[in-house]
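As written in TrEMBL, here are the features:
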TRANSMEM  82-101  transmembrane segment
TRANSMEM  113-132  transmembrane segment
TRANSMEM  138-158  transmembrane segment
TRANSMEM  197-221  transmembrane segment
TRANSMEM  233-252  transmembrane segment
TRANSMEM  290-312  transmembrane segment
TRANSMEM  324-344  transmembrane segment
TRANSMEM  356-376  transmembrane segment
TRANSMEM  388-410  transmembrane segment
TRANSMEM  454-472  transmembrane segment
């Protein structure tokens, strides 16, 4: 039986309702390697800084070669390193915040409610950048940036957990089950529709990103690239984020879970539930293999563009407008890549795991070039602006497929009924590791004075991650998830718990 032709046609499309639900995800897709708020912190730190060779001379940020340091806590720090440290702080704060509340979203309608609450907070934090009116207040930006991005990341915990739920309830999957198709066929159908939903979600996210960056470019050009234009751009992204959340909220089904146990402290409850999930590694070894591989890989993939953008901005003298144009082109390439890889997957019936390893192989080639070439010549290896444009576009054409395929892998391995909890751990693994890359690369630059040496770190992580990911048995993992869900359902049906206890 050719299930692709009879069950899931290649012209698969989503309904208007599904598009409205997918549109909500555009606010949480990982697309932008360098945050505007980080760029603002760097810019203000540079203006408050001094020349590295003579601390009595104020820093000239318009000079062709910028060599500035900023006084901070009794020492002098490179503004580029400050950007990396701010990124690390964002990841650490996101990790603890998500871990403290994510399990609550498994109950009632909290998933949707918390999604809206943190969107409102994120909008307020982005608008708070208007407080920074003098360069010496750059530290305010270093506080607001982690807070805003913590809200962004926490919202991602709640939004991404909808993906496996949509996959289980999709009409094509239900139709295959109703016809009495074999388990392997049903799984193939679900794998394809979830991949398609993920790809369409990524495309919508990138279209939104193009619009946002187009407006930001207009603001920057119209205001002659002033610091105020960057402040307005940051605030605009927050307003856009909140606006679309409020627009799609009426169409987003809360899909409520069981009631929240009475008398529970949210933080203690979330930590306790996460601890119990971690103890289930013996019943779910394949998904834990995936989570460890993801913990390593996400740090490498997140660190790579951060290093590239700092080199482009600091050493190749890219302006604010050029950075925004590059972000637009990055989104365009991500959108094209999402559709391109989707059709390759359908034509050759490629598995989700193969797509992830393919993306990592392409990234590994890019990292190997950036690591090896600078040792043999000073004319290549991210030394020119043309190389900068090429490497960012190369990264962009892969990024959407990589992250989308990783989410689909998790949805395939995730036990039914625990979607939000496992996607919480998925994003916690991402944010829990992503502080290491910026921190270590910042330390490497402080020791060597060359950001290109820092590319060794993401390359090593990618190699180790691929080796671990290759050991994940997807069919075995799906069986483990099904057995785990059935055992849990049987236990809940035969056991009575006091209202204040967690099953």
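Including glycine, each Cβ sits where the backbone N, Cα and C put it.
The recorded stretches the transmembrane segment (324-344) and the transmembrane segment (197-221) share 3+ CB pairs below 8 A when only pairs 6 or more apart in sequence are counted, and are therefore in contact. Beyond the transmembrane segment (454-472), the same-chain residues lying 6 or more positions past its ends with a Cβ under 8 Å from any Cβ of the stretch are 286, 289-290, 292-294, 296-297, 299-301, 303-304, 307, 353, 356-357, 360-361, 363-364, 367-368, 370-371, 409, 413, 437, 440-441, 444-445.
The listed stretches are 113-132, 138-158, 356-376, 388-410; of these, 388-410 has the most Cβ pairs under 8 Å to the transmembrane segment (197-221). Listed as Cβ neighbours of the transmembrane segment (113-132) (distance under 8 Å, sequence separation of 6 or more from its ends, same chain) are residues 27, 37, 40, 44, 101, 104-105, 138, 140-141, 144, 147-148, 151-152, 154-155, 158-159, 231, 234-235, 237-239, 241-242, 245-246, 249, 254.
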